[in-house]
Every structure is written in C-alpha cells, then in structure tokens.
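Record features (TrEMBL):
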type: BINDING; residues: B:LEU20, B:ASN27, B:LYS156; note: xanthine binding site
type: BINDING; residues: B:ALA128, B:ASN129, B:GLY130, B:GLN131, B:ALA132; note: 5-phospho-alpha-D-ribose 1-diphosphate binding site
There are 2 protein chains.
Amino acid sequence: MHALEQKILTEGIVLSDQVLKVDAFLNHQIDPVLMQQIGKEFAARFKDAGITKIITIEASGIAPAVMAGLELGVPVIFARKYQSLTLKDDLYRSKVFSFTKQTESTIAISNKHLSASDKALVIDDFLANGQAALGLIDLIHQANAEVVGVGIVIEKSFQSGRDILLEKGYRVESLARVQSLSHGTVEFVRD
Amino acid sequence: MHALEQKILTEGIVLSDQVLKVDAFLNHQIDPVLMQQIGKEFAARFKDAGITKIITIEASGIAPAVMAGLELGVPVIFARKYQSLTLKDDLYRSKVFSFTKQTESTIAISNKHLSASDKALVIDDFLANGQAALGLIDLIHQANAEVVGVGIVIEKSFQSGRDILLEKGYRVESLARVQSLSHGTVEFVRD
C-alpha cells in the first residue's frame, strides 16, 4: 500500500535491525486519514470473504480495525490484556509470549460477542513472530468460529510470523511488508 | 445524542447503581457506525474551536477519538498507561487515581507530538469522577498547549467529574448524560 509505505519512510524511525518505531502515526499518535485508507484497503482485500466480526487486540490494533469494520459493516472486538480486564463475563483466554518484552501475557475476550456462526478477520498493527495473531486465532477457535484471514498493517517479513501463519493455512494480507531494517534503512518486499 | 442513548438503553447493562456496562458497543465490542456518528457529533460541537490535536487514553477512548480526528482533520494521541509503555522518548507523565479499582496508575505521552502551539481536545469514553480527564489535561499543560475542551461519550452525571471540570473552567460536551442507574434502569439528564 503506497501511502502507508511512504508514511513509514518519512515518519518511521529505525531503532535497530529488529525494531521499527511508528509512534508518529500508528502506535501512539494516530493519523486518522491514513487509518481510513488502511480500513478501505483491508475491506477491499477481504470484501468477498463473508466476514461477520473483526477481532483485534488493545491498544494499537483498535484504530485500523475500527476503520475496517466501518467499511465492511461489521462489529469489532478488541481482546483485552488481562491486567486491564474489568470484564466479568465468561471469557475465552489465551497466552501470548512477547519476544520483544520476553514476557508472557494473557489475552481474553468475552464469550458473549463471538459464536460458532461468526466468520472472523484478525487485524493487528504489527506481525513479527506471529504470537499475538496466534493468540487471537486461538480465541476465535474457542468460540468455534471460523478464521477467515489475518490483516496486518506492518509485517516484519524477516521474522517468522508470516510463514507460521501460512503454514497453518491462514490467509495473510499485510499492507506493508518490511524486508529489512539493516543500516538504519527500511526496505520493503518487492514481488 | 439520540442514537447513543438508544444504544445504551437497548444494549447497556446496569450492573449496579454506579456501574453501566457498555461492552456490547464501546468498551470491548465496538460498533464502528455508532463511533462514526459520535465522531461527527464531537466534530460538530467543536468545529469552530481551532483544534489541532485530540488527546485520549488507551484503550476505549481510541475509537471515538479517531473518528472525531477524521472529521476534524487532526491527529489523535492516545496516552499510554505506564505498564504497557514501550516509548523511549522523553515523556510527560501524570498520575490518575481510579475510584472503581482503588488504584493509582501513571499515564504518559511523548513530548514529541504535542507542543505549545497546539489546541487540544480531550476525548474519553466515560466521565465519572473526572480523574482520567484531569490527568490528560495535566499532560497537555505540561506541553504548554491549550485545552480547548473535553468531549465525553457517556457522562455519569450523578458523579462529580462534570462539576469539577466546569469549576476549573473547561468546556465539557457529553453525548449521553446519565442521571441515574437506580433500580436497574438508565435515566438520562433532560434539560
């Protein structure tokens, strides 16, 4: 997605070979116009998939997911990280290991809003090792709902997440695919 | 705002005299069409205020704030709760006491995205005792930026937050004002 790649090149900050910081438009400050474009792009790619729910995770997944939900005309559920949880319902829970933080956390969604008849699209801001996406997929499976695919704003293609998801048979649509962050420069995957 | 009040009446759950649960469309599952209507309503009420930034707090403030930012054509910054913070910049920090959870937490924003020339609108999902709004206002003041007003999706008018903010001279625009949750019923403030 050209507008997103341009934004990454002009406002993203390469912190290391592994870490791209996009606090200027996605992870802390949010560019609502870009989020709308992202929502439209996800909707275009998944428009024939019969999606009934979008599942994301707090906090940075919410803006792109809500814009996609607006375009597709479906509700969005954001999984809660357990420490911030005030939900009192019965919950589906899954454990997610963060390689960045070297910590395991629990994510959860209420069983009220997702059922066996749902066709769910997972949306997240980043795809690195795929652990967050797999956690969300696990929650969807606990509801016996169908996983239609995974929509990612920025994929770090040099990490294993995409391959892990593809091997398990999931469709992955990433709007920007970062090939390398070496030498302080962002390089994108070119087909 | 009629559509919001109707949604509260049909899908909100009164958990006690003090607690209204709106996990069906705002705090866990999100209704993107309603969020767009909310964004348009905030934009209409503040359209002549010269707003340059919207400031909210993760996670439930993000959806209404981003929709308002889209309508007003301005960026949105969501303050991070400290435990989820991976920001490495210099930060503005403020402490927020939660009466509900009886805990104090630290919220923060990077000093990169807010400056003395900004006119900031605070947006949040709920207004109860006003502590979260005051924390966000404190962050804005640390940047020497101007606070143009506070936009709230659901105000619990039987708690002190609105009066505290008005006494300090802030403009408060709440899209739904809940007068009472007694006897398991939602009653709205009527002028």
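Including glycine, each Cβ sits where the backbone N, Cα and C put it.
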* Assigned conformation of B:LYS156 (xanthine binding site) - DSSP reduced to three states -> strand
* Fewest other C-beta atoms within 10 angstroms, as judged across B:ASN27, B:ASN129, B:GLN131, which are the binding-site residues -> B:ASN129
* Asked: Given B:ALA132 (5-phospho-alpha-D-ribose 1-diphosphate binding site) and B:LEU20 (xanthine binding site), what distance in Å do their CA atoms have, once rounded to a whole number?
  -> 17
* Asked: Near B:LYS156 (xanthine binding site), how many other Cβ atoms are within 10 Å of its Cβ?
  -> 23
* Neighbourhood of the 5-phospho-alpha-D-ribose 1-diphosphate site (B:ALA128, B:ASN129, B:GLY130, B:GLN131, B:ALA132): other residues with Cβ within 8 Å of the Cβ centroid, in order? -> B:VAL96, B:SER98, B:PHE99, B:LEU127, B:ALA133, B:LEU134, B:GLN159, B:GLY161, B:ILE164
* Asked: Of all the binding-site residues given, B:LEU20, B:ALA128, B:ALA132, which has the fewest Cβ neighbours within 10 Å once its own Cβ is left out?
  -> B:LEU20
* To do: Show, in sequence order, which residues other than B:LEU20, B:ASN27, B:LYS156 on the same chain lie with their Cβ within 8 Å of the centre of the Cβ atoms of the xanthine site.
  => B:GLY12, B:VAL19, B:LYS21, B:VAL22, B:ASP125, B:PHE126, B:ALA128, B:ILE154, B:VAL178
* So which binding-site residues are near B:ASN129 (5-phospho-alpha-D-ribose 1-diphosphate binding site), with CA atoms within 10 Å, out of B:LEU20, B:ASN27, B:LYS156? -> B:LYS156
* Asked: Can you tell me the three-state DSSP label for B:ASN27 (xanthine binding site)?
  -> coil
